[in-house]
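J.: What follows is a single structure, and I will ask about it in a moment.
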Amino acid sequence: MRRGEARMTGKHVAVLMGGFSSERSVSLSSGVACATTLEECGYRVTRIDVDRNVASILVELKPDVVFNALHGPFGEDGAIQGVLEYLQIPYTHSGVLASALAMDKDRAKKVAAAAGVVVAPSRLMNRFDIGSQHPMKPPYVVKPVREGSSFGVVIVKEDQPHPPQVIGSADWKYGDEVMVEGYIAGRELTCAVMGDRAMDVCEIMPVGYQFYDYDSKYVAGASTHVCPAKILPNIYQKIQTMALTAHRAIGCRGVSRSDFRFDDRFSEEGEVVWLEINTQPGMTPTSLVPDIAKAAGISFAELLSWMVEDASCLR
């Protein structure tokens, strides 16, 4: 999109945010940032804090485009996408199938691996079956299958004699199905895809945190983004290729972001492992995709305008 083109469209954009998942606060932050910037671009914007009446609200509102700033279940698992397909309202990001598939970490990993993407060893389990015995040799990671923003992620270290009790306790709020994945040491890297183009690779360096968890993602100053990442050119290109391959294999549209581990402790070439793909990457002031776009010379306003103009049904 050319600079200033949005001001000539006059499109009415409904920004969906909030919702009722565990990532509600993140979604509100993304939604407010996106709505404010789209208004500055000249779009007519309506902000919708999503509840169970969202379909009737959209029918009455009749927007030209829905900008989906929801995160977590209902917002990025194919549910709201199905509603928008039924209502025939063009929307941003991925469609029903890709959203549902990407939200399921285990199944998304199998599809990516079948396309040639290198993934970590893992197994799908019911959390109650983990019990007091390690399901695999530590270190390993226990992840809820259908959560984002690192909610419920537990790292089990080599010196822990038993799995953490919280996994099987009543305090666990992230569903019974979990993925147990071998822990991959090394650097946190991520790569966004915009349309059919892999963008820059970014290194995430949490400040004072063991890994890129909820706080290091969304607390200002809790992580540093190095973009472009300082890695060998062939490794850089390999990560871009893997991100684009996963994006295509899963059937993503618009913008996605793939996360990686790069273990270069023993050699510069190291080992690159794909962890997961995010079809609704954060758009908060501390989020990665806006930083990656900025490194490519694309402003936040230009990124959002491109996403609005890219919106469609049958995605």
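Quick reminder: no glycine exception, Cβ is built from N, Cα and C everywhere.
Straight out of Swiss-Prot:
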DOMAIN    109-309  domain 'ATP-grasp'
BINDING   135-190  ATP binding site
BINDING   Asp259, Glu276  Mg(2+) 1 binding site
BINDING   Glu276, Asn278  Mg(2+) 2 binding site
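Looking at the shown structure, can you explain where the listed features end up?
T.: For the domain 'ATP-grasp' (109-309), the model's pLDDT averages out at 89.
Annotation note: Pro163 (ATP binding site) sits in a coil segment as assigned by DSSP.
Its Cβ taken as reference, Glu276 (Mg(2+) 1 binding site) is surrounded by 20 other Cβ atoms within 10 Å in the chains shown.
The DSSP secondary structure for Glu276 (Mg(2+) 1 binding site) is strand.
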J.: Per DSSP, to which secondary structure element type does Asp259 (Mg(2+) 1 binding site) belong, with helix, strand and coil as the options?
T.: strand
J.: In sequence order, which same-chain residues at least six apart have a C-beta under 8 angstroms from Asp259 (Mg(2+) 1 binding site)?
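T.: Glu188, Leu189, Thr190, Trp274, Leu275, Glu276, Ile277, Asn278 - these are the non-local Cβ neighbours of Asp259 (Mg(2+) 1 binding site), listed in sequence order.
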J.: Ranking the binding-site residues Val142, Val156, Ala170, Ile184 by other Cβ atoms within 10 Å, which is at the bottom?
T.: Ala170
J.: Do any residues at least six apart in sequence from Pro135 (ATP binding site), in the same chain, have a Cβ closer than 8 Å to its Cβ, and if so which, in order?
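T.: The answer is Arg123, Met125, Asp129, Pro163, Val180.
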